[in-house]
Amino acid sequence: METSERRKQLAFSLLFGLCFPCCLAQTTTTAPTRDTPTPSSQARIKVRLAGYPRKHNEGRVELFYRGEWGTICDDDFSLANANVLCRQLGFVSATGWTHSAKYGKGQGKIWLDNVLCNGGEKSIDSCKSRGWGNSDCTHDEDAGVICKDERIPGFVDSNIIDAQVDEFKVEEVRLRPVVGTTRKKMPITEGVVEVKHRNGWAHICDLGWTVQNTRVICGMLGFPHERKVNKNFYKLYLERQKNHILVHSVSCTGTEVHLAACPLEYAKPNSTSSCLGGMPAVVSCMPGPLFLQNSSLKKKVKVSANVRLKGGSRVGEGRVEVLRDRDWGTVCDDRWNLQSASVVCRELGFGTAKEALTGARMGQGIGPIHMNEVKCVGHERSIWTCPYKNITAEDCQHTEDAAVRCNVPYMGLENSIRITGGRTRYEGRVELLIPDSNGTQGWGLICGETWTTKEASVACRQLGLGYANQGLQETWYWDSSNVTQMVLSGVRCTGEEMSLSQCQHHKTVSCQKSAAKFAAGVICSETASDLVLNAPLVQETVYIEDRPLHMLYCAAEEDCLSKSAAKANWPYGHRRLLRFSSEIRNIGRADFKPKAGRHSWVWHACHGHYHSMDVFTHYDLLNANGTRVAEGHKASFCLEDTDCQGGVSKRYECANFGDQGITVGCWDLYRHDIDCQWIDITDVKPGNYIFQVVINPNYEVAESDFSNNAMKCNCKYDGHRIWLHNCHLGGALSEEAERLFEKYPGQLNNKVS
């Protein structure tokens, strides 16, 4: 049938060509350009999402071309490419894309490389590239997409073909404890391994089970290490149970981040002897120090002192920072993948990496960038033992800082807290589930009297809702709950706790304003700002000025002089001022905006401007024991974008009562020659001191990291001149370097050498 049809078509074509040669010439196709990967009309492109672990709207991109499935290299990949692919798959758009084989390495061909779409193409084969099958990549560079979970209306031809089309997929794994005393303890560290199957749970046969398999299971459940388990105990228990074996054998190498990445052999349907001579697999894991209940064990289990995570809102996530030569620095995201991220997670006491994040997704770091192109296998004990490249200034910028989200043990902390009455799930009155004197559990309120951004940040973390945008001491406008009892007061948190139960609080409730409208509330946010001071600029611009009193009336009105100025013989005489410039950058992921709205800003007629924050920065001169010998402060009379890094536009300008704030990637410059940009040192004796600047000292505005808000310098004052040395931000130096800073020559005896 097909042969006869082809003959008819060929005959018709010859006849048509003889009769209408001009028409035939007009319809002749031209060869596609080298950089446009146009396939033949018979080779229809199909797209599917594959890999692990993932949701239905994300995954590794695979293309079906010339009878074979293959992948796309992540070189030059962009959101525009992802938008084209997601629409091709029937989704309305893309929300992101991934690189470095986040969803696992594909197999077979790498069909496309250096793909460049403008975003409007109907198919990926309409975009420019190196051509089909022309690539210099490996499957370590397979690209993936994250599509918005919304289908295109009327989209019929579902182009999604799951790589794992059978029913045997391992996505969720848990440990089921069998010992009564361990069932209520969190986290669950030991038990029978169970995998989600259909609407229930199934088991894995332990025949040939290895420590590498246990390592992978523990890692994906948030534990850095594995422990030996008493199999004899479990064997007696499991022999009396009805077991459903789904997986017959597992062969992990120990470097995998998920069980689904290991070679698995599934049991045959209706087989009764799929685990003959064996039993369901049982594992025991060792939690990191944060999750250990035994205080004596906490001291024995140590985590790396040379690696840390900064800027994350949740436990086990953040920008990766490493310590070298007493200086903390970041890691460039070139070739950053799950294996390298997992090494970082494990050495910090977490499990394997859930995500390896690029493009400063947890905010930009400061200082040096120590590592680039890190290539861990997954067995390494520290990222420092992995191959990597030293970098130059041309290689990387802080916009490329690598970050991680680690698997952490499930603690169930979110079950004992809720927020009610808000307009969105990110805001509301905080309510805790606490047992009463009768042992029954009920929701109570928290007294708002001592409630600040720090306490709110812990509440948002416990809720899994990111950072605290605001901590509210009154919530009368969210009065939608029938809960009226105050069960907690005097809450004081450092801001680093995992739950409010770890914070200090009154033993018995003591709340002066005990009405429900004075209960604590929060507004949470997935992103936050992060302000840092340009320390070198402070050190370079410092000087002393003797300023006449008749030029300081406005400064005195704004309380920018020391107390002794009130006793001076105005307008005669002068004040000695330590002056400097300060450049405050926002390196976070959200704009820094004053807590108060413009309707409550205070007008200062003397200087002719509004104050949006009463205290934006503190300036202090401290002696060796930390006592202030002189101080100053800066009200935020004008928070604006003085300048921005390349590609970022200014958004805030003070002129004409404009909006105040600092955009992400921009900075606000307070020059040395403006009022109150000083410390009044008129009464200070010559000596060695510590000069300190603290931004946002009262934590009025939420930030992803408050530890870098303070800057310290060694200060030498001989009575005529002043010098600053070793200016650095909080957390920028190692503990040893910080101790040496405190022992600066002459610091302890306060004498000038």
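Even glycines carry a Cβ here, placed using N, Cα and C.
Heads up, TrEMBL stuff is auto-annotated, nobody curated it.
If you look up TrEMBL, you'll see 1-25 marked as signal peptide.
According to TrEMBL, the domain 'SRCR' annotation covers 47-148 (among others).
For C73-C137 (among others), the entry in TrEMBL reads disulfide bond.
The annotation disulfide bond is assigned in TrEMBL to C86-C147 (among others). Cβ contacts within 10 Å of C86 (disulfide bond), excluding its own Cβ and spanning all protein chains shown: 26.
Per TrEMBL, the feature disulfide bond maps to C117-C127 (among others). Its Cβ placed at the centre, C117 (disulfide bond) has 21 other Cβ atoms within 10 Å.
For 175-286 (among others), the entry in TrEMBL reads domain 'SRCR'.
What TrEMBL lists as disulfide bond is C252-C262 (among others). Long-range C-beta contacts of C262 (disulfide bond), restricted to its own chain and to partners at least six residues apart, with a cutoff below 8 Å, comprise N213, V216, V250, S251, C252, T253, E256.
Across the residues of the domain 'SRCR' (307-407), the predicted structure has a mean pLDDT of 91. Per TrEMBL, domain 'SRCR' is recorded for 307-407 (among others).
The Cβ of C332 (disulfide bond) has 23 neighbouring Cβ atoms from other residues within 10 Å, across all protein chains displayed. The disulfide bond annotation in TrEMBL covers C332-C396 (among others).
The feature disulfide bond is assigned by TrEMBL to C345-C406 (among others). Of all Cβ atoms in the shown protein chains, 31 besides its own fall within 10 Å of the Cβ of C345 (disulfide bond).
The local packing around C376 (disulfide bond), expressed as other Cβ atoms within 10 Å of its Cβ over all shown chains, amounts to 22. The disulfide bond annotation in TrEMBL covers C376-C386 (among others).
Residue counts of the domain 'SRCR' (417-525) by helix, strand and coil are 20 helix, 38 strand, 51 coil (DSSP-based). Here TrEMBL flags 417-525 (among others) as domain 'SRCR'.
Annotation comment: TrEMBL describes C493-C503 (among others) as disulfide bond. The Cβ neighbour count for C493 (disulfide bond), using a 10 Å radius and every protein chain shown, is 23.
Counting Cβ pairs under 8 Å to the domain 'SRCR' (47-148), the top-ranked stretch among 175-286, 307-407, 417-525 is 307-407. Around the Cβ of C252 (disulfide bond), 22 further Cβ atoms fall within 10 Å across all displayed protein chains. Between the listed disulfide-bonded residues, namely C73, C127, C503, the fewest other CB atoms within 10 angstroms of a CB are found at C503. With a cut-off of 8 Å between CB atoms and residues at least 6 apart in sequence, the same chain places N57, E58, A82, C86, L89, F91, S93, A94, T95 near C147 (disulfide bond), listed in sequence order. Nearest Cα neighbour of C406 (disulfide bond) among the listed disulfide-bonded residues (C73, C137, C332, C396): C332. Once Cβ contacts within 10 Å are tallied over all protein chains shown, the disulfide-bonded residues C137, C386, C406 are led by C406. Taking CA atoms as the reference points, C127 (disulfide bond) and C396 (disulfide bond) are 28 Å apart. In this structure the C-alpha atoms belonging to C345 (disulfide bond) and C503 (disulfide bond) are separated by 25 Å. Mapped onto DSSP helix, strand and coil, the domain 'SRCR' (175-286) counts 24 helix, 34 strand, 54 coil. Residues of the domain 'SRCR' (47-148) grouped by DSSP class, helix first, strand second and coil last, total 16 helix, 35 strand, 51 coil.
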